[in-house]
Structure formats: structure tokens, C-alpha cells
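S.K.: Here TrEMBL flags 12-37, 49-74, 86-108, 120-140, 160-182, 194-221, 227-248 as transmembrane segment. Taken from TrEMBL, the feature domain 'DUF6534' covers 166-253.
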Amino acid sequence: MTIPASPIDSTFGALFIGMVMAAALWGVSCVQTWYYFDNYRRDSIFLKGVVFFTWLSDTIHQVLITHVLYYYTISHFGDTDALENIVWTLYVEVIFNAITGFLVQSFFAYRIWTFRKNLAVLSVIVLLILGEVGTSVAYVGGGAHLPTFTDLKKLKPLSMSINVLAAAGDVLISVAICFFLNNAKSGFAWSNNVINRLMLFAINTGMLTSICACASLLFILALPNTLVYFAFYFMIGRFYVNSLLATLNSRKSMRTPASTEAESHSLQDRARSTFSARLRGIMSTQDNNKPHTTPRIEVQINTIKADDYGNDEVSLQQDEESAVVGMQSKSGDFAFPLNESSEKVV
């Protein structure tokens, strides 16, 4: 004989699971935030401000959803009448989730704009971002007049719209970043390797938020009489924050492998140049009528410079000893230089 699941399992039980998972991801974002401010002190005030306010918005959201569970399970434990009413923090948390998503998506949208300045792509992304924020505000405004969970069903179209717009925006941002990065590939294997890693990174970070939004949408449709979709919605903001911080904190790790390979190529070029110079010097001594000359061998390297958000500028460098190959930043905020010696660029 099977015991039917209690309605509270799929309502407040789902809220509890979502809150716990969101708290765990919030802890990860706190560690990543500390790591960022400790290791990237030379970043611009603007970039530090984006990180701080994104983390702050996400922290407030965690406080709000914790209050939701505390209200129902502690303050009003055993009060069946209280379980029918919606506590105000369950509506307000939607605003801060929207703010977090707005900050992160806007940051990536600005990177896309500075990288290729494609107005058509940027316009679609901005419309999706603003649409999600506007729908979230409408959801909270409409919910202010709906006191019970039974009335919450009236907001189903708005709930679905929020998740659709979030998923569409994340997918478009990831696709745009990958497309423009792929077009920026050069003939250098080590720089292409870095670009491939950046593309994979963009796909992975965008996929997490998209999957979470799609899962929330799916449960709204499949289980409309439950609150399971809230469990996934609680975590969307955490994935946004962690995707932003993971992108910024990965800059040093992106440099290391390519820096080693570029250094190896530089040493090989110098070895070939030295051997060639000595060989030609020996051959020239066999002819007394010709003056002794040492050939001058120059290495010509294409260097891609990028600013904080991926805007590239191709220049040409000539250096007899070594060359720096990579994406160098004019301000050092958001760059992937392949040589550690070029980390600080004016």
C-alpha cells in the first residue's frame, strides 16, 4: 500500500528545498566574491561596483526567501490559516532576482557591444532583458492584490513570461559571444586554444541559468497546483552571480597554459635564429673578399588587444628577442594576456 504524498511536500517542501539549494549556491558566490576582490584589486571601480551590487542584490534575495520559510515553519508553525496566505517576502524576492539578472545580463550585453558593436544583436538582447524586468515588476504589482495561494494561479502567464524571457536572453547572449569569438580566431594555435576555452566557458555559464529557467517553466505547466517551480526560480539568481564571478575569476587561469606555450614558441624561434646566425657566420669566413656579417632575424607577431569587455584592436609588433601574444587589456580589467609579464597594460 502506497501512502499518498502530503500536499505540503509539493508546496512548502519544494520551497524549503529551493531555499537550501539557493543558500548553498549563495555560499559559493560569497567565496567567489572574496576571491575576486582579493586577487583583482587593479580592476576598475565600475567593474568592482557591478560585482558588489550583484552580490548585494543576491544576498538580499537569500534573506527574503529565508524569511518566507521562517514565517511558515517557525513563526506560524501549526497555524493552518497562515498557510493559506502569501507572505509579502514571497513577492518581493522576485524583484531582487530580476535585479540580479538585469545586472549580469547587462554586463555581458555590454561586452558584446564593445566587442563587435552589432546594433541588431544588442537591440534584441536589451529588449529581452528589459522585458524580463518589466514582467517581474508586473508580477509583484499584481501579486500585491492576491492574498492567498489559490489566487496565485492568476499570475501564471506572468510567471511563464519571466522564465521564457530569462532563458531566451541567456541563450542569445551565449550564442552571440561564441559567434563573435569564433570570428576573432587567428592563425596562431595557442590564441585559438584560448578562444575555444572562452567559447566553452560561455556556453556552460549560459546553460546553467537557461536550464533553471526552463525547468521552472516546465513545472509551471506540468504541476500548476504546486510550488515546485519556485524551487528552481530561487536558484536562477545564484547561477547569474556565479556565472559573472566565474568569468572574472578565470582570467588568470586562462593566461597560464597559453603563456607557457607562447614562451615555448618564443624559445624555439630564438634557438633557430641563433643557429642560423652561427651557420651563416661560419660560411661567410670562407670568402675573404666579403665582409663578415651576422644576419638580423626579426620575429613578427600579431597581437590582439582587448579592453574590459572584449573589444579588440589588432596591431603589429616586431621584437628580436620575444613577443607577447594574446588578448591584452588597455586597463587590465577584463583581459586574457598570454604572457604574465604583460598583465599590467596601460
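Glycine is no exception: its Cβ is also placed from the backbone N, Cα and C atoms.
In TrEMBL, annotation is done automatically, which means it is predicted and not curated.
A quick note: this is a predicted structure, and the numbers were derived from the prediction, not measured.
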S.K.: Is the count of Cβ pairs under 8 Å between the transmembrane segment (49-74) and the transmembrane segment (194-221), pairs 6 or more apart in sequence, 3 or more?
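M.R.: No, these stretches are not in contact.
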S.K.: Look over the recorded stretches 12-37, 86-108, 160-182, 227-248 and say which has the most C-beta pairs under 8 A to the transmembrane segment (194-221).
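M.R.: That would be 160-182.
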S.K.: Please report, as numbers and ranges, the same-chain residues at least 6 past the borders of the transmembrane segment (12-37) whose CB is under 8 Å from any CB of it.
M.R.: 48, 51-52, 55, 58-59, 61-62, 65-66, 68-69, 72-73, 83, 226-228, 230-235, 237-239, 241-242, 245-246, 248-249
S.K.: Going along the chain, which residues at least six beyond the ends of the transmembrane segment (86-108) come within the CB cut-off of under 8 Å?
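M.R.: Counting only partners 6 or more residues beyond its ends, the transmembrane segment (86-108) has Cβ contacts under 8 Å with 50, 53-54, 57-58, 60-61, 64-65, 67-68, 71-72, 125, 129, 132-133, 136-137, 139-140, 143-144, 146-149, 152, 162, 166, 169-170, 173, 177, 209, 233-234, 236-237, 240-241, 243-244.
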S.K.: In this predicted model, what is the average pLDDT of the domain 'DUF6534' (166-253)?
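M.R.: Overall, the domain 'DUF6534' (166-253) comes to a mean pLDDT of 86.
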